[in-house]
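This report concerns only the one structure given below.
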Amino acid sequence: APVLISILLGASFSRYQVEESVEHLLAPTHSLAKIERNLVDSLFPVNRSKHRLYSDLQTPGRYGRVIITSFRKANMLDQHHTDLILKLHSAVTRIQVQRPGFNYTFAHICILNNDKTCIVDDIVHVLEELKAARSSNRTNFAITYPITHLKDGREVYNGHQLGGVTVHSKDRVKSAEAIQLTYYLQAINSLNDMVAEKWESIFCDTVELFQKSNRKVKMYPFTSSSLKEDFQKTSRVSERYLITSLVLVVTLAILCCSMQDCVRSKPWLGLLGLLTVTLATLTAAGIINLTGGKYNSTFLGIPFVMLGHGLYGTFEMLSSWRKTREDQHVKERTAAVFADSMLSFSLTTAMYLVTFGIGASPFTNIEAARIFCCNSCIAIFFNYLYVLSFYGSSLVFTGYIENNYQHSIFCRKVPKPEVLQEKPAWYRFLLTARFSEDTTDSEETNTYESHLLVWFLKRYYCDWITNTYVKPFVVLFYLVYISFALMGYLQVSEGSDLSNIVATATRTIEYTTAQQKYFSNYSPVIGFYIYESIEYWNTSVQEDVLEYTKGFVRISWFESYLNYLRKLNISTGLPKKNFTDMLRNSFLKAPQFAHFSEDIIFSKKYNNEVDVVASRMFLVAKTMETKREELYDLLETLRKLSLTSKVKFIVFNPSFVYMDRYASSVGAPLQNSCISALFLLFFSAFLVADSLINVWLTLTVASVEFGVIGFMTLWKVELDCISVLCLIYGINYTIDNCAPLLSTFVLGKEFTRTKWVKNALEVHGVAILQSYLCYIVGLIPLAAVPSNLTRTLFRCLFLIALVTFFHCFAILPVILTFLPPSKKKRKEKKNPENREEIECVEMVDMDSTRVVDQITTV
């Protein structure tokens, strides 16, 4: 049944859909920035703001962007490079997109200015004026930074268009190592958007072709589609590494289930255990696809979540099988396996469903995290059902093979030792087996000790880890672990940088690196929007607005206009009507303010009075290398200021949509999952045999999570969507592996703590070790995938597995030997009243053959 269900549901996955919107996946779903964006769109069309509202990776709509620099750090403003850049600009504007019946050029799909001409970067006008000045031998032409003046009198900001700038005489540009050009496209309907998308692709090809013919310069193209393409590219570059991972896990799982005894070896169960996990994953993928879900690259982590959960469950069942008596019927042995292992497996599965279920709830504000948790829940649920049914029945089949003394691989009857003596050595080696009639009662329980891992744990490791001289070193090592984890924990940083989730050898990474290197002196341009009618003519209001924006480079009509009025010796204390009339007239007459006329919204009243209902200015802040962190702090500062100011204003930049509430949004799934796990552990404490199990389990999970967060920070992994999902999985992975150990130890009576620690390791250690080895081997190929997303995934999952293994095989075995619960041996009093005599009845068969002839007294 599981195979048929998986095939039927999984077949639909052949037509899966890919999620195209990166913002939908990775931007907080509910944020103030999105509300502010809608308000800004209603006041000032975003299309007219693109050339000003610049951001690193995301700008609304379609666009093409290129950074031009030199390998030798040459001055990009010299004559040779100026001509080269203008030549590139000409080539870009001549790009044609062929459609049936018409060829679209940049002029057909560009965003138009007020004079119906294409909006191009002001740096193009600067370079054209620089070229004209050189042609006419004018030496008085100067470019200032970050604001320069054009010949028509306009002030333009070039902080994001000139990079690596060297200045002299305060602000005059001496040289620039990089220049950035941006081309904005219309996307007003589906046809227009299709043409613009094709134009972006040709744009990248044109830039790369242009660089091949000009080897001395380096160009970094980037478009609005680059982030989406590079995000999904991770899935394509991961394919062969995931296949390698699957082959390695299959090989090791088969080896872990094998032993020299050809009857008791279970190699098929290793393969079928992985097949169980694969079927469950395929079923979940089919269900998600049929319900309208879309694929994205974060789903690469789901197979590894399934691997950790499924492998331990199957190996634990196999370990329980080894503890059953061989003289029992297969049904009785299977019943004993389910009774021994399924309770803990059911409880850990419930923990998976609770923690990932909370992550899949509407409380999660990051859509990628919510979808991942939802898919994981479905996959875990079916994995549990398939382990019960598919793997359980597989265990029964292999049980019958074992009871019938058939070969575990070839399923043929194994001959008796006396028959094997006549065969060649290689034949005897392949068919080595121990028969029950050749085994004494004392040897019966040791049948499976020929398994390498069982033999290693029982004969060597259990005695070594509980040795009195080893314990101090383990405790010291744990203190070192806590110290380094604390050091990393204190340096945790949120990773809202979108380049952390794309493949490495991509345009996004190259462009972002170049942008950070050459254009990090100033923050992205921030729109400052006043959305109420204020007394602009009032001097105190003017001073308030200028006070709010103090410390920024202001690219605005407001301050420029005030300076213009002061030059004309016109008082700003004029009545409202005179002020607004003069404002309109000056914008109409003064050419230097024509460009700013789109920054003010006028409204006419019934008495023909004109009022300014909204206005905007653009701000730029000086930043350091940690630009994204500074920009986030800047956003929070301006937000707080807008709540207490006399003037109603908002601030906006397209990148705010990703940063706003990112820290709280990305941490919420982990926080909610931790709280739900604690509640589940607390309430289940009243159901389990001893509440100390849950106390120890809670402390172990806290220690593991604390260590993973600390060490992943030291390993340069930020707290982003991927790492948080891994930490949620870490809670469950720890409980999966530690719960059986702790349960066996806490519930053990009599003997000493050391004896029960050894017993817990002997009973559950093999399953933990087998699943750990297979899991680590499966993770190793992931480290070689050329992607930042898989790099984060590998580092987090590797640390989770390593730290959990360290706790299972070192920390817990040592600490439990001298901490509660107590294991005092109960001494029975020799009281005659407690003596019970049982007389064995003599049994005789029909032929009077004596079977039992002794009296036993207890």
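Using the three backbone atoms N, Cα and C, a Cβ is placed for every residue, glycine included.
Sequence annotations record features per position, and here TrEMBL assigns domain 'SSD' to 238-397.
Per TrEMBL, the feature transmembrane segment maps to 241-259 (among others).
Taken from TrEMBL, the feature transmembrane segment covers 271-291 (among others).
Beyond the ends of the transmembrane segment (297-315), by six or more residues, the same chain brings 25, 231-232, 234-235, 238, 242, 249, 253, 256, 269, 272-274, 276-277, 280-281, 284, 341, 345, 348-349, 352, 368, 371-372, 375-376, 379-380, 383-384, 387, 391, 501, 721-722, 725-726, 729, 732-733, 736-737, 766-768, 770-771, 774-775, 778-779, 782, 789-790, 793, 797, 801 to within a C-beta distance below 8 angstroms of the stretch. Look at TrEMBL and you will find 297-315 (among others) tagged as transmembrane segment.
Here TrEMBL flags 335-356 (among others) as transmembrane segment.
As annotated by TrEMBL, transmembrane segment applies to 469-490 (among others).
Residues annotated as transmembrane segment in TrEMBL: 670-688 (among others).
Below 8 angstroms of C-beta separation, residues 481-482, 484-489, 491-493, 674, 677-678, 681, 685, 723, 727, 730-731, 734-735, 738-739, 742, 746, 795-796, 799-800, 803-804, 807, 811-812, 816 of the same chain, each at least six residues beyond the ends of the transmembrane segment (695-715), sit close to that stretch. The transmembrane segment annotation in TrEMBL covers 695-715 (among others).
Long-range contacts of the transmembrane segment (727-748) within its own chain (CB-CB distance under 8 A, at least 6 residues past either end) are made by residues 301, 305, 308-309, 312, 316, 344, 347-348, 351-352, 355-356, 359, 373, 376, 669-670, 673-674, 677, 688-690, 692-693, 696-697, 700-701, 704-705, 708-709, 756-757, 759-761, 763-765, 767-768, 771-772, 796-797, 800-801, 804-805, 807-808, 812, 816, 821, 823. The transmembrane segment annotation in TrEMBL covers 727-748 (among others).
Beyond its flanks by at least six residues, the transmembrane segment (760-785) meets 234, 237-238, 241-242, 244-246, 248-249, 252-253, 256-257, 304, 307-308, 311-312, 315-316, 318-319, 323, 451, 453-454, 457-458, 461-462, 465, 737, 740-742, 744-745, 748, 791, 793-794, 797-798, 801-802, 804-805, 808-809, 813 of its own chain at Cβ-Cβ distances under 8 Å. Summarising the annotation, TrEMBL assigns transmembrane segment to 760-785 (among others).
Within the chain, the transmembrane segment (797-819) has long-range Cβ neighbours (under 8 A, six or more residues past its boundaries) at 301, 304, 308, 461, 465-466, 470-471, 474-475, 477-478, 481, 696, 700, 703-704, 707-708, 711-712, 715, 726-727, 729-730, 733-734, 737-738, 741-742, 745, 753-754, 756-757, 760-761, 765, 768-769, 772, 775-776, 779, 782-783. As annotated by TrEMBL, transmembrane segment applies to 797-819 (among others).
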Reported mean pLDDT - the domain 'SSD' (238-397): 90
Positions on the same chain near the transmembrane segment (469-490), where near means CB under 8 A and six or more residues out: 703, 706-707, 709-714, 806, 810-811, 814-815, 817-818
